[in-house]
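Enquirer: I am attaching a structure below and will ask some questions about it afterwards.
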């Protein structure tokens, strides 16, 4: 096994994996990779691994091959660091020879057969990665793999296909979905009560909240079915649909608020339209990457690439939506110096600065802090990163609604006759230019 393969597996250990180790079917075809990582799973003291492998085919049938150097094993992140050290110092020539891994099955037990079934009991509670090692460089392996990892719950012995530390996620997602549905009801009441000062963007805010609630309820059902049966039963499709719509509408909302659309002017400038034309396609790419990484797993050779694409595109979207807010702050600062309405513009400028800071904090927390929590937190408490991310998102939604709620005396809505006339004139000129 070469060093690059060891580092690749280490990267798999370090990257948070969205897969929840449901029942997985994997086809391996003429693969000579020395390391093929499968799912990551947090075992309790009553953990089980069901491994069913069929249609095993080896490119080299030489009876002198040492097939004990090809097989499946379980390994923790900490153990793998020491295994890499053992390989570098030539203490061992194959990861399967290390006393730090837990061998599940080696191919020397095949004895001419093309299939095998293993039920492996894991009593040592920890987070393990199921790995296939092939330390025979000339050997290409083909096989169909069915893997299922689960924990047994208490005296009932019922199977729980969610990793330890994530088993309460269905309940968490359901609670937050109810909170967002309640928030939507409250917002509808506010819109009705303040209907004389309601703008189009307020209804857009309502759509964002409803899509977030639907996304969470679908995710709760998705994880609930996986927890009980090992399969999402189609709820994952609904989750991806609402996740896609929620992501696009949220980023669009931030851009529209940042440009002052609907509040200050009924149009968007060309540069603001370009931001939306960048953000929306990038969100499509991000959601494709999310589906690929969630539905395949690290056994795919392109998995790490798609994971990096998702992270990169998400960061680009987060940075792009900040530009309209910066432009608005710049315009308000210049207006406060020149148009004689310094007090009004100063209030708007202060509000935009607050919103800019809050958007940056929200992006930093949900993209960096939550990611760090997911990486460094013990596998037993991985649910805490989900709670932290959802609390931060709810706080951001609540702040946005509170600061930009329909209210006549909100400094953001103070638009005098000259500004309205200027906005109408600009829109008229734009229409004439297009014609």
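Any Cβ shown, glycine's included, is placed from N, Cα and C.
A TrEMBL annotation is a machine prediction, not a hand-curated record.
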Enquirer: Among 130-150, 151-171, 172-192, where does TrEMBL put the label transmembrane segment?
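Expert: Here TrEMBL associates transmembrane segment with the stretch 172-192.
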Enquirer: Out of 355-373, 412-430, let me know the one TrEMBL marks transmembrane segment.
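Expert: Transmembrane segment, as annotated by TrEMBL, spans 355-373.
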Enquirer: Between 282-304, 305-327, I'd like to know which one TrEMBL lists as transmembrane segment.
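Expert: When 282-304, 305-327 are checked in TrEMBL, transmembrane segment belongs to 305-327.
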Enquirer: Give, as a single whole number between 0 and 100, the mean pLDDT over the domain 'CAND6/7 N-terminal' (27-151).
Expert: 89
